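Undergrad: As listed in TrEMBL for this protein:
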TRANSMEM  B:12-39  transmembrane segment
TRANSMEM  B:59-77  transmembrane segment
TRANSMEM  B:84-105  transmembrane segment
TRANSMEM  B:111-131  transmembrane segment
TRANSMEM  B:143-161  transmembrane segment
TRANSMEM  B:194-212  transmembrane segment
TRANSMEM  B:245-265  transmembrane segment
TRANSMEM  B:322-344  transmembrane segment
């Protein structure tokens, strides 16, 4: 590897934004045919650096060399011309267009005045074969899975002749199987002579696939190491700046009275297909119940049923003994529910509101935030200041729009707001999705702290490790029913996996 | 004070200003191409507006409904909706005010005017709320329903005037005795048709600002406007907010129509086609960046250009339609902010360099 040519060399890149130095003389080299991981916490400056390389930002100082030649990249088109392609975390695809149309968008092969779809399809098929990227060239984006959409993004960059690929948190949105497939694709890409920069904070992936790792913390390069000579603990410590424990210390649960009781809950989707099939579940005070299951088995609907976002067809949902099924959302919230939503951009935050405004999203109408119909801005701001301080939300100010915060800090803001309401029941749906290890540790500690305070916590997650580590009791959901309940210490990934796949039913033996 | 400074911060003010300049420039180029002298034309335009008290008063009259309809469109927009139906709401407000006034013929103006204003505003609001209700309950896009309601309003208004209030032998209603004119200003403005609507329009802008940014209902409405899913998640009643926002938007538009009959014409015509107040309102809202104070400024500009265009054609021979090109270009430049920023780029760079030095 060491003999391979250098394709990208970033020298002493510095970039400041008002109030922060996002990149503080960062240097980085990417060799031909390597997968170079860029590791750092949320907001460490990884994305800024890559946006500089892709021409979206201009560095204040420092130079960029591509294949040994110094270049100025002042817009993405220039970057594309230099053979740099970026696979964004949030896909930039036209939903009603087909895969082929999306790939050729902006550089359509022409035949006279018309777009030459035939030659386009042929080129797409060729790329697809060469790199083992399975896509259906005629499917519409809105009809294909997230994993396939990502492959379309990758093909877009290849179609534009990219040799240097930047992957920005590519696995954040993928299911475990899709992650395995992506890893294979990335390996194939480097075999074909491409070079990859992988932005991530998932140590497992780095260990598995990267050749070298550069760790960035608060805008500075901490170290660049060969993956073979390091281990996850060392990487995590370098990234966070302190030792991180993956295993969470927690006391035995002191479960009390049932707080949430679901009895034979049934729900149909708008096409009349049952999505919850007589679901039974109980969460008691002072325990964390984890819902394990493969995506699409009714997890989202379960949350929507409890929180009142969607009506159930039959059954009963009780919160602290009170029937809440099909009540208005606000009534349910006032009955003592807090909810960290699955999709923080869609449900969790009003991105164009300031942090301050977001912190009272569910309580703005109550005293002291509202006084005789008017919002008391001072009280709202003070409240936000307190939460930002207490939960270490890193934001330039409480007047900053939620949109401009990093994902981890957005999540912290939501958690701060939800925990501050002092609920009886806390629902946490995918609470650590897209977060770095430091932030994950923080979230998990918050959940356990709530449990220790005697709250009931319902955790829904696709990350088995998270379910196993945090839950006191695991309920496995399959096709809209709870098909089994186990305690994490009595089970293993394999058994859970079988239950999640519907091969093993184990009727609630661990009640009580 | 801080907030105020933020509103009028350089960036949000400089883009519209440059857009206006560019629009005037485009107008000048077109005039040159047509063989007119733009300097003469523009000075005639200004002369017309500020030349004498009467014309100045009439300009204010011209501006007033533009502010109302601009506020209507901007308010709906802030709540996440596109109210294309301000025009119909203007007509409904107008017709209601006319009906109330004519039904109460002979009663003192001091009683009729407030009643007619309230009725006209509410009627406009309810008309818009139909579209809000259809969106909230049935998910029908408000762009479609408001456009349809424009036509319904036009024919409904004409029907009401023709069948109940027609002046014999004329294509208009009988004269309204009550008046919202500010007669005490008649002397100053040389009998220009200035009326209380202007004051109400300015108050409406203040209400808009306070309601949306200071009250809890406004907080809710903005949340719904930015992200209805999050509002739903937070327990807000999205549907009710949609209806309420459309209602308030419609009240603004209804008041525009109300004051046009009570303050200006004192009768209502049978309209052959839509009078177009609402569509001007869309332009004004866009020009005013959907901010109430921006709308007041934009409405003033729009009104000045429209009213002044007559002077332009009189003194410089420039066809008054040219003003539409100017307004169109201004809106174009506002919408295409990238162009404005591109024009500004050299200035920004220069400033940066100066700072370094």
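The backbone N, Cα and C atoms fix where each Cβ goes, and this holds for glycine too.
All annotation found in TrEMBL is predicted automatically rather than curated by experts.
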Undergrad: Please figure out which one of B:12-39, B:59-77, B:111-131 racks up the most CB pairs under 8 Å against the transmembrane segment (B:322-344).
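TA: Stretch with maximum Cβ contacts: B:12-39.
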Undergrad: Test the contact criterion for the transmembrane segment (B:245-265) and the transmembrane segment (B:143-161): 3 or more CB pairs under 8 Å, pairs 6 or more apart in sequence, then answer yes or no.
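TA: As far as Cβ distances go (cut-off 8 Å, pairs 6 or more apart), the transmembrane segment (B:245-265) and the transmembrane segment (B:143-161) do not touch.
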Undergrad: Relative to the transmembrane segment (B:194-212), which of B:12-39, B:59-77, B:111-131, B:143-161 accounts for the most Cβ pairs at distances under 8 Å?
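TA: Maximum Cβ contact count belongs to B:59-77.
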Undergrad: Mind checking which residues of the chain, 6+ beyond the ends of the transmembrane segment (B:143-161), have their Cβ under 8 Å from one of its Cβ atoms?
TA: 82-85, 87-89, 91-92, 94-95, 98-99, 127-128, 130-131, 134-135, 172-173, 268-271, 273-274, 278
